[in-house]
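These features come from Swiss-Prot:
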DOMAIN    39-172  domain 'SCP'
LIPID     Ser220  GPI-anchor amidated serine
SIGNAL    1-22  signal peptide
Amino acid sequence: MILRKKLSYLWTLGLCLVASKSPPKAPSITNDRFIEECLRLHNEARTNVSPPAADMKYMSWDEALAKTAEAWAKKCKFIHNSCSSKSFKCHPTFQYAGENLWLGPLTISAAKFAINMWYDERKFYDFNTRSCSQVCGHYTQVVWAYSYKVGCAVAVCPNLGSPDSALLVCNYAPAGNYPNMSPYTNGTPCSMCQGDTCENNLCRNKERDKSQRYPNWNPSGTRQLIACNPLYLISVLLTIF
């Protein structure tokens, strides 16, 4: 029994040592620099749409969407989350959420590369006819006027390619990309703001842009059982010896 227990501790220690040699960590969903970059790139894309938008809302960060993105990214599956088609499964207050995915190396700025790549799809999209010659869905979601909340997350996924492969997931609410609809209304910037202020061609509203906390939102349904930190490793070694 004692031997079995020691072997169990050694197995745990081995897992932690392996984890300690993993690729560089992906940015956290609470990392201010990561959040700022995601918001800046999304809003720059929305500001610069052509033709100009009369009703383009400023996009602000949403904690619950980021948690959902993080939970899905950590599964390391390069497919869309099924929650996006299920009522209130991606977010506690928004009925549906949109989603964009990107897969690439973690060695570059995942958010910058991904969002710029999504925005570049505009060259395949004809606004007047709502037609697309190649892939445009990422672009239309990024500039969907009434999607005003976003939450993104990055996870390292060696199983999807190389040891530094990273999966970036961005969730949007309210969801965009509805069939037979334009992503926004063409017109003088902010002319359809309806009481909002206008900033960089985007409709802003302090109440709508406010960041909310969702402490009870746990889309993954799981908790981390082992914390592989130095103090934990020391306690394991002391227990064994």
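Cβ coordinates come from backbone N, Cα and C, glycine included.
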Run through the Cβ atoms and count how many others sit within 10 Å of the one on Ser220 (GPI-anchor amidated serine).
13
Determine how many residues of the domain 'SCP' (39-172) DSSP places in helix, in strand and in coil.
48 helix, 32 strand, 54 coil
Any idea what the model's mean pLDDT is for the domain 'SCP' (39-172)?
97
So, in DSSP terms, is the residue listed as 'GPI-anchor amidated serine' helix, strand, or coil?
coil
